[in-house]
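Taken from TrEMBL, the feature repeat 'HEAT' applies to 22-60, 99-137, 176-214, 215-253, 254-292, 293-316, 362-400, 401-439, 479-517, 518-556, 557-586. According to TrEMBL, the feature domain 'Phosphatase 2A Regulatory Subunit A helical' maps to 99-280.
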Amino acid sequence: EEKRAGPASTLYCADGDDSLYPIAVLIDELRNEDVQLRLNSIKKLSTIALALGVERTRTELLPFLTDTIYDEDEVLLALAEQLGNFTMLVGGPEYVHCLLPPLESLATVEETVVRDKAVESLRKISQEHSPVDLEVHFEPLVKRLASGDWFTSRTSACGLFSVCYPRVSSTVKAEIRQHFRTLCSDDTPMVRRAAASKLGEFAKVLELDYVKSDIISLFTALASDEQDSVRLLAVEACVSIATLLPQEDLETLVMPTLRQAAEDKSWRVRYMVADKFSELQKAVGPEITKNDLVPAFQNLLKDCEAEVRAAAANKVKGKRLNIMLPFIRLIQYTNQHVKSALASVIMGLSTILGKDNTIEHLLPLFLAQLKDECPEVRLNIISNLDCVNEVIGIRQLSQSLLPAIVELAEDAKWRVRLAIIEYMPLLAGQLGVEFFDEKLNTLCMAWLIDHVYAIREAATCNLMKLVEKFGAEWAQNTIVPKVLGMANDPNYLHRMTTLFCINALSEACGQEITTKQMLPVVLKMSNDQVANVRFNVAKSLQKIGPVLDNNALQTEVKPVLEKLASDQDMDVKYFAQEAISVLPLA
């Protein structure tokens, strides 16, 4: 490879000192044109540091890395991550401050992921500083970043205040609070955004008096920022701030700002209020929730933006009945985003409401939703029926929902039919074999001749799962005769479905049923006029072969496969020859 400079390894080793070789090789590789080589070299830093020893790692390796921080983002990212695990390699906590210069440089680069990783590593090693070292080395670094000319360093500083604040003197604490205040009103939106994102975390390490005097004013200012990306992060911080304040202060210090956010002109801010509703509810307590949050939340459920309504609808689950019912009734709201979001959680509400309330309030809504014109609403109800069954029992469920399920099984939209099929084995297990045979068996067989291939395929798989649930004897009496009857269907697609079903059922049904009932039908179909059917016969024989006994293989399967192997159709010949090569035929 072409090097960026002359090989350092030769220069370093000219005096014959082999101990210098590791860092010389590192320098060579870090100057290599190939990014991958440079990346590999960074990933081997810990090994190189071990080879050099703690003293030379501090005096040679770290200064070299600090001076040469210019590279592809992926190399810098790897370096930032490595340095976070370097404490013992520089001699332990006593010398951990040696890692600050390279990480400080990385915390100012343009690429966000590199800065974030550098901040993560700085946060990690801050815990390994003694209180004295924290004030002498770490806190000055935070100040430098906080007052840097480039916004990149100021955004990185925001993530470091909370880790050093609890362990420094009161004088330094005052300086840190002042720096944080300054960054919250920075000219650059990216810095204010970073400060807003760390506001809640910083509040948690502050003394309560300063939370009231400093944090609340910062929170109010950020929640009124001209940039909606800053305002929505202030909403997130609200959760942490509310948990820190006594109940009597919440109404005056926090709620005006939160009410304002719930009606913000930007849908992204309102979305954040809706998304954080459950956490806000816990933070402010039941009284404020009832008086303030619930009315605001009901407005969010009717918001003009679909994303806000959907986020709010997803938070309905888990509320008490008197709070939930107004929300539940919004299921009849005309917008499909709201209905779909509510449908995805409404079934789970039955466990909270109990049997009587579920029958009275939820069942009518389930039935209405099962017939909703929006497929996604119907799918969300179908896929969560088992929650309701646990609460009200199968008899009540079947009486109420079965007619709707039967109607959906014949729905014009094939994805709805598909959802019902996938749910069928679970439903069958809940209903029991007698009820299934009486009400749902006909549906399962009808799907086998559906005009959509995906439905026929799913119906075949469904039969296999039903046989596994109800047993081979049930299959022999109920399923197999109907499947085999399709072998004489005038439509060749239905005849092929017979073969697909046999493939799926053979293992579940076992050797006797497969040999005596299924095999003769497959062999007979080898004379079908349609080549597609004949080559599927070859594939079926290959599939069911391992289930059959050796005698059937040699005397019945082998002659038919040999005949198909000389078929005029190329595909039939190919699949027949493949079956012959795979099966243990004499």
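Cβ coordinates are placed from backbone N, Cα and C, and glycine is handled just like the others.
Since we're looking at a predicted model, the values are computed, not measured.
Taken together, the residues in the repeat 'HEAT' (215-253) have a mean pLDDT of 88 on the 0 to 100 scale. Counting residues per DSSP class in helix, strand and coil order gives 34 helix, 0 strand, 5 coil for the repeat 'HEAT' (401-439).
Same-chain residues lying 6 or more positions outside the repeat 'HEAT' (479-517) and placing a CB less than 8 Å from one of its CB atoms are 445, 448-449, 456-457, 460-461, 463-464, 466-468, 472, 524-525, 528, 530, 532-533, 536-537, 539-540, 543-544, 547-549, 552.
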